[in-house]
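Trainee: This is the feature table in TrEMBL:
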ACT_SITE  ASP172  active site, charge relay system
ACT_SITE  HIS234  active site, charge relay system
ACT_SITE  SER414  active site, charge relay system
DOMAIN    163-460  domain 'Peptidase S8/S53'
DOMAIN    511-573  domain 'Peptidase C-terminal archaeal/bacterial'
REGION    202-221  region 'Disordered'
REGION    470-495  region 'Disordered'
SIGNAL    1-29  signal peptide
Amino acid sequence: MKHNDSGYFYMPKQVAVLVFTLFSASAFAAGEANGSDRTDRMIVKYKSSSLESMSARTSASMMAERMASAQRIGQQMGFSLRTLRQTATGAQVLTLNRKASVEEVSQLAANLKAQDPNVEYAEPDRIKHAMLTPNDSRFSEQWDLTEATGGMRLPQAWDLSTGQGITVAVIDTGYRPHSDLSANLLPGYDFITDTFVSVDGDGRDSDARDPGTVTKAGECGGGEPKWDLTSSWHGTHVAGTIAALTNNRVGVAGVAFDARVLPLRVLGKCGGYTSDIADAIIWAAGGAVDGVPANSNRARVINLSLGGKGSCEITTQNAINSARNNGAVVVVAAGNDNVNAGGFSPANCQGTITVASTNRAGGHAYYSNFGSVIDVSAPGGETNVTDANGILSTVDIGQATPVGEGYSFYEGTSMAAPHVAGVAALMLSRNPSLTPDQVESLLKSTARTFPATCSQCGAGIVDANAAVRAADSDTTPPGSGGETEPNDSLSGANIISTSGTVQANIGSSRDVDYFKVTLPAGKTLRASMTPGSGSADYDVYLYNDAGSLLSSSEAGAGRVDTVSGANSGSRSVTRYVAVKYYSGGTGSSSGKYSIQFSW
């Protein structure tokens with residue numbers, strides 16, 4: 001099956017809750033084709049303290065006054081506002097009488113907050129899109145899972161974990177029934193409130209099936225999209241990457257093929273609203289959403305292969321915080337514009353694992369966003385030369401409405417993110433006690449060095465086997481105990497995941513010992529090496545993730561060598577500490593030293 005290069009999920013220039021489009025990277029980058037700069041909704045959260053002590057009647061009266069005030073402020077800019085609904089976090093979704101630029105609605109939001117001291121925050125309800133560039137179309141074709149250069153080293157990891165007992169929420173376009181996937185699908189939910197976006201003729205309900213979102217040129221408003229778009233079945237492709245059935249003699253294998261997928265539909269024709277996406281994030285992790293039945297299948301992992309330009313919305317950040325507080329790992333696609341991902345939400349939200357995309361050679365995929373907000377990379381493929389270099393997964397073969405099941409090669413950070421979500425499920429299945437922060441730290445500290453150029457692509461390519469082994473609850477936590485050889489290169493560095501002391505050894509005059517630390521934002525790493533004898537002179541060096549020297553200590557024989565370095569950024573960074581021989585004893589007895597790590 002072949003999808004045109006323009007992909008899918010354009011945002012109307014009128015509805016703007018940004019989300020990465022399914023267009024090819026060039027098309028998306030070349031003209032804001034998703035119309036993500038316009039919206040007809042705003043999210044307003046009023047301070048709860050002023051209402052908590054009031055009776056229901058008084059509270060309702062106060063809210064009416066608040067809305068009257070909002071109307072007056074809106075009229076100053078030519079807007080008429082009405083209440084649509086309340087979000088899971090208690091914010092009000094307001095609809096506007098016309099579509100306007102995000103900048104204009106942001107100004108309205110700023111005016112509202114400035115003129116009404118009871119407003120906690122106000123922001124545009126922007127539209128987000130799936131991060132995919134679909135193209136055309138079983139295990140031998142899944143280089144992304146198996147190949148040593150660009151793959152994830154899954155077969156070795158499957159000896160330890162297959163994801164059993166873990167639920168992964170796929171917040172996306174919904175799903176299509178597929179014989180290679182359906183047995184791993186849980187009952188989902190459709191969170192789309194707008195009937196134009198939903199296509200299926202109704203609002204929120206328990207039917208998360210994807211009806212198709214074929215879109216005519218200009219149908220989203222503002223001249224967008226610029227050409228006709230076929231249905232992408234994006235959510236079905238993402239779900240298949242995570243948990244397609246395996247060892248069933250047909251189709252493809254999933255990364256965590258014994259996990260279960262919870263499909264939550266938030267993206268439809270022209271995209272999806274931030275307010276709907278935020279509610280889905282909260283509900284996925286077990287939070288309550290007004291009007292939606294309680295979720296009996298709480299997700300430990302949430303995959304968001306969607307996004308759009310702008311800073312992280314307060315609404316989105318609050319939803320992510322809620323999910324993390326309930327123990328969910330939130331994995332996000334970086335985006336397909338080949339620019340800095342720091343300008344895209346939810347890639348730039350705090351507490352997410354933001355994933356860039358690599359190609360079959362293990363280098364930067366031509367479309368993938370990059371930058372300091374990237375945590376790790378994973379295979380997203382490139383189909384611009386040949387389909388076989390893309391990511392193969394489950395789809396429907398219909399161009400408009402569902403026709404029947406099939407498989408197709410896609411490319412995009414939308415494809416990279418579910419690889420990481422699947423590995424997170426493997427880790428949690430192996431060790432359910434892991435926290436979201438621990439999962440992120442282990443994914444980074446076990447990531448392997450890029451075999452090809454990939455600047456600002458995070459800690460490395462996720463290594464499923466290494467990550468699952470590190471997650472094993474039966475292993476001794478790194479940061480205490482003894483050194484493990486060989487660790488004489490950056491790629492072979494011992495992983496230090498907690499503060500502690502390592503007992504190590506300089507085996508020969510040519511031995512170098514490397515240790516790898518994932519340093520959280522705002523923390524300072526300190527490494528102090530104490531030689532085992534007064535005649536031993538070993539030196540200590542601190543490097544960044546590119547291998548550039550940051551600091552060194554060459555104190556002399558019998559002296560303690562200490563290096564330190566601060567992470568003043570907003571994201572975790574990778575640091576390497578090396579202990580090198582200068583003079584003195586070597587070997588199992590004479591070459592002993594201890595090194596203490598703290599941050």
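Placed from the backbone N, Cα and C atoms, the Cβ positions cover glycine too.
Remember, TrEMBL labels are computer predictions, not curated facts.
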Trainee: Cβ atoms within 10 Å, counted per site: which of ASP172, HIS234, SER414 has the most, among these active-site residues?
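Mentor: Its Cβ has the most other Cβ atoms within 10 Å: SER414.
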Trainee: Per DSSP, what is the residue tally for the domain 'Peptidase C-terminal archaeal/bacterial' (511-573) in helix, strand and coil?
Mentor: 0 helix, 35 strand, 28 coil
Trainee: What does the structure give for the C-alpha distance between ASP172 (active site, charge relay system) and SER414 (active site, charge relay system)? Integer Å is fine.
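Mentor: For ASP172 (active site, charge relay system) versus SER414 (active site, charge relay system), the Cα atoms are 10 Å apart.
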Trainee: Quick one: pull the CA-CA distance for SER414 (active site, charge relay system) versus HIS234 (active site, charge relay system), whole Å only.
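Mentor: So the Cα of HIS234 (active site, charge relay system) lies 9 Å away from that of SER414 (active site, charge relay system).
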Trainee: Which whole number is the mean pLDDT over the domain 'Peptidase S8/S53' (163-460)?
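Mentor: When the pLDDT values over the domain 'Peptidase S8/S53' (163-460) are averaged, the result is 95.
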Trainee: In terms of DSSP three-state secondary structure, what is the assignment for HIS234 (active site, charge relay system)?
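Mentor: Helix, per DSSP.
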